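Worksheet: the structure to be examined is printed underneath.
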Amino acid sequence: MAEAVLTPCPYRCIECNQGASELYRDYNHGVLKLTVCKSCQKLVDKYIEYDPVIILINAILCKAQVYRHILFNTKINIHGKLCIFCLLCEAYLRWWQLQDSNQNTAPDDLIRYAKEWDFYRMFAIASLEQSAFLIGIFTFLWVERHTTVKTRPNFVLLLKALLLSSYGKLLLIPAVIWEHDYTPLCLRLIKMFVLTSNFQAIRVTLNINRMLSLLAVLSGLLLESGMVYFFQRMEWDIGSDCAFYRDQDF
């Protein structure tokens, strides 16, 4: 009996964040009854019956309930692949701007070789900036771990949440294709959306207040900005404001 009490609940209520032993009960023949939370007396997870499109719309609206549904009550393990794909999108955008700003008179073979390595370089820079952002967040939360949560924070789950909540970077490619004249504005809006999603992911995962979540995101953004500034000083990147690359010696 004591072991059953100590067993952690595998699910969470999307409304009050309390643990739940089940999301629904199957009465055979496809008859399902959603579980009611014992704490708030609401459905533990109403999104079980929702269409994926509705869930995506609610995720775009950054609702805490849908974030709890995705992080605690589903088994989505695409965060690694999603991170790589987002970095590829960001690297492609930087590479595209770099090629658009360069005037090359070298032979075709040399141009193709240089373009290929430019893309690898942009991917490496985007990866380092993303890593700096995550390190800034984890460093802040590690320092504030005694005041942020009552229990030890699950940083593995938080990493997964941050990677999943960065799905807004997938809009980088459509922004280049369809909004060529307004690309800088679109990129700033996409960046704001990604930061908002990261903020909500931190708040939901660690169950902390909005102020600490905001400070964590700002810490990550500060370290990322420092990395961007370093690359700009070294003239290795096009910059976070999406200005065109200005290396005159290329």
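Each residue, glycine too, has its Cβ placed from N, Cα and C.
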TrEMBL annotation (transmembrane segment) - matching range among 72-91, 212-231: 212-231
Chain residues outside the transmembrane segment (212-231) and at least six past its termini with a C-beta under 8 angstroms from it: 125, 128-130, 132-137, 139-141, 144, 147-148, 195, 198-200, 202-203, 206, 237, 239-240
Same-chain residues at least 6 beyond the ends of the transmembrane segment (155-177) whose Cβ lies under 8 Å from its Cβ atoms: 67, 70-71, 76, 78-80, 82-83, 85-86, 89-90, 92-93, 96, 134, 137-138, 141, 183, 186-187, 190, 193-194, 197-198, 200-202, 204-206
